[in-house]
Amino acid sequence: QINLSVIGQYVDYLVSEQNVKSVFVNGTTGEGLSLSIQERKQLAEEWVCQGKDKLDHVIIHVGALSLPESQDLARHAAAIGASAIAVIAPFFFKPTNKDELIAFLQKVASEAPAVPFYYYHIPPLTGVKIRVEELLDGIKEQIPTFQGVKFSDTDLLDLAQCIKKNEREQFVFLYGVDEQLLTALAIGANGAVGSTYNYLGRKTNLMLQAFAKSDLALARKYQFLTGEFINFVIKLGFGVAQTKAVMTFVSGIPMGPPRLPLVDASEEFISKAKAKLDSIVWPDGD
């Protein structure tokens, strides 16, 4: 079951301990697609409420397989004052081309006409491989609130073409593959949404600062160490359940078990992941 009581503590932890000021709610790591519509609304409300005057942006993911449900979630997000909404491509009956996908996105975005809209591109999970570069052509005419993309794919050629073609539009490209963030920054990504920033947000912010100062050697150190941890846990079997376990032992906030069909991280995973994270010596000496 969802546990709303820890969200206030979670917000304070992100802001004070990780220097993370923006959140993406009901996405992949939050198991948004495994939750009921009512649960998703409750979570969205609590994050917006607890984040008031503390968080800069609360983006609510409102994608669903059912168009009416997605529209309902979009209206709700607008009503509670979300900073923005995001939508993944439907992944059972899939759009087969750009026009079909945009038609779906437009029907959702139009239900929240004053709220910035993001397309959440995550082909490894949706199986929808329509290139974002193609999708962006003329999208503002069809979706006036279109703000940008949460780009959770390793196709950096597609990302680079998006950024090159859309310099004048000033779209936002938030990169979603944590172990490749530095590469995405180098080709022009504006920011990032990822699961590791829950517990490695401060380290990632230090990497962003180093990159902004053109200290590529220092930025690389942070990226390589993050990658070293991710590479280690991937070999153990790393997913949403394991991410919850890592966040629990790092933050001390009980993240709880995942919902079936996902199952709890093993004690062996937790002990090995904790030992690995503890062994890393970061450039800031921590």
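Placed from the backbone N, Cα and C atoms, the Cβ positions cover glycine too.
Over in TrEMBL, the protein carries these features:
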{"type": "BINDING", "residues": "THR29, VAL193", "note": "pyruvate binding site"}
{"type": "ACT_SITE", "residues": "TYR120", "note": "active site, proton donor/acceptor"}
{"type": "ACT_SITE", "residues": "LYS150", "note": "active site, schiff-base intermediate with substrate"}
Between LYS150 (active site, schiff-base intermediate with substrate) and TYR120 (active site, proton donor/acceptor): CA-CA distance (Å): 5
Recorded positions compared (THR29, LYS150) - the one with the fewest other Cβ atoms within 10 Å: THR29
Nearest-integer angstrom distance between the alpha carbons (Cα) of VAL193 (pyruvate binding site) and the residue listed as 'active site, schiff-base intermediate with substrate': 7
Distance [Cα-Cα, Å, rounded] between LYS150 (active site, schiff-base intermediate with substrate) and THR29 (pyruvate binding site): 14
Sparsest-packed of the listed recorded positions (TYR120, VAL193) - C-beta count within 10 angstroms: VAL193
